[in-house]
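Here's what Swiss-Prot has on this protein:
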- 1-233: domain 'ABC transporter' (DOMAIN)
- G32, H33, S34, G35, A36, G37, K38, T39: ATP binding site (BINDING)
- 289-355: domain 'Mop' (DOMAIN)
Amino acid sequence: MSGLTVSIRGRNGAFAIEAGFAAEGGVTALFGHSGAGKTTLLKMIAGTLRPENGRIAVGDFTLFDAQKGINLPPEKRRIGYVFQDARLFAYMSVKRNLTYARWAGHRQATRSFDEVVALLGIGHLLDRRPSTLSGGERQRVAIGRALLSDPALLLLDEPLSSLDHARRQEILPFIERLRDESHVPIVYVSHEIDEVARLADQIVLLSAGRVTASGAAADIFPLIDAESEGGGVLLEGIVSAYDERYKLAEIDLGGASFQLSDAGLKQTMHVRLRVRARDVSIARKIPEAISIRNLLPVTVTGIERGEGPNAHVFLDFRGRRLGARLTRRSVDDLGLSVGDQVVALVKAVSVDRAAIREK
């Protein structure tokens with residue numbers, strides 16, 4: 001088994017969908033506004049809604065192929081599905097909910113019960129009923145149940161949408177462990193930018209039932225940033241040094257570095273940083289005596305002027321895209337044009353703690 005390949009067209013009532021993308025593994029986020037077609041696409045992958053034509057496969061395991069007449073029923077697709085609500089059996093203990101998945105899957109186990117329980121940190125919950133669990137605990141059990149069915153693919157349909165912020169922060173580290181340690185490809189549906197920034201290896205953008213862009217998270221995230229106040233770009237780096245006196249970590253981005261105030265980072269740790277366009281300023285040259293620590297040499301690659309007071313300036317940093325949201329007046333005052341060599345000033349707060357992850 002390997003990654004997921006989707007190339008389909010179909011309908012859900014009057015709603016038409018046309019989707020094509022390939023995901024190599026890890027977490028593939030389906031991102032779009034409400035009504036974009038995320039859940040419809042997930043249902044077609046799961047087999048509960050039939051496309052009109054096309055093909056869906058996980059590696060060399062074909063789930064649907066209209067031309068060859070293949071349309072496996074949901075129970076034959078080896079897919080673990082986690083919904084917005086946990087959908088646990090209320091009359092069963094947590095342990096029985098988990099073991100039921102193994103029995104219902106009718107497949108030889110590739111992961112031990114104890115391994116899954118340890119991965120999700122639910123050992124202390126085994127004798128409890130779902131009604132006594134918090135929302136985050138119920139979702140962790142639901143993920144464990146899906147994983148114990150020995151899936152070739154996991155589908156997570158907005159699994160955190162019913163949780164408050166505290167419960168989301170509680171469960172996100174376990175989903176990260178699932179991504180990093182289970183080796184099962186995951187399709188993650190969300191309209192929350194923060195979750196996508198933290199979890200996704202690949203992003204598929206959906207709008208009105210069509211895939212508008214897909215690819216590596218670092219490449220696709222700037223497209224979200226250009227349209228959203230909450231977007232940004234993702235930069236991967238490694239902690240190259242740590243200053244104990246000032247509690248500052250230095251992140252090597254390959255030819256440049258960021259300083260990040262975070263006592264939890266350790267040397268040689270691989271991290272992902274998120275930089276929002278609203279937190280990036282531009283200078284013609286490196287300013288003197290400035291409190292901002294993170295300065296990057298960049299090239300202006302594009303300027304998009306809206307009808308309002310703001311403009312979005314597209315920047316290139318050693319082959320990686322950045323963005324800066326400036327006023328149109330600032331763009332004119334700086335005399336910015338495509339090809340200019342300038343300096344991006346990144347405020348310390350724009351390095352999002354929630355977007356940092358250990359690889």
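Including glycine, each Cβ sits where the backbone N, Cα and C put it.
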Report summary line: Grouping DSSP H, G, I as helix and E, B as strand, the residues of the domain 'Mop' (289-355) number 13 helix, 34 strand, 20 coil
Query raised in the report: Fewest neighbouring Cβ atoms within 10 Å: which of the binding-site residues G32, G35, G37?
Result: G35
Query - Other same-chain residues whose Cβ falls within 8 Å of the Cβ centroid of G32, H33, S34, G35, A36, G37, K38, T39, the recorded ATP site, in sequence order - result: H191, L206, S207
Report summary line: Counting across all protein chains, other CB atoms within 10 angstroms of the CB of S34 (ATP binding site) number 7
Query raised in the report: Out of H33, K38, which of the binding-site residues has the smallest number of neighbouring Cβ atoms within 10 Å?
Result: H33
**Report entry** Chain-internal residues, separated by at least six, CB under 8 A from A36 (ATP binding site)
**Finding:** L206, S207, A208, G209
Report summary line: Over the domain 'Mop' (289-355) the mean pLDDT stands at 85
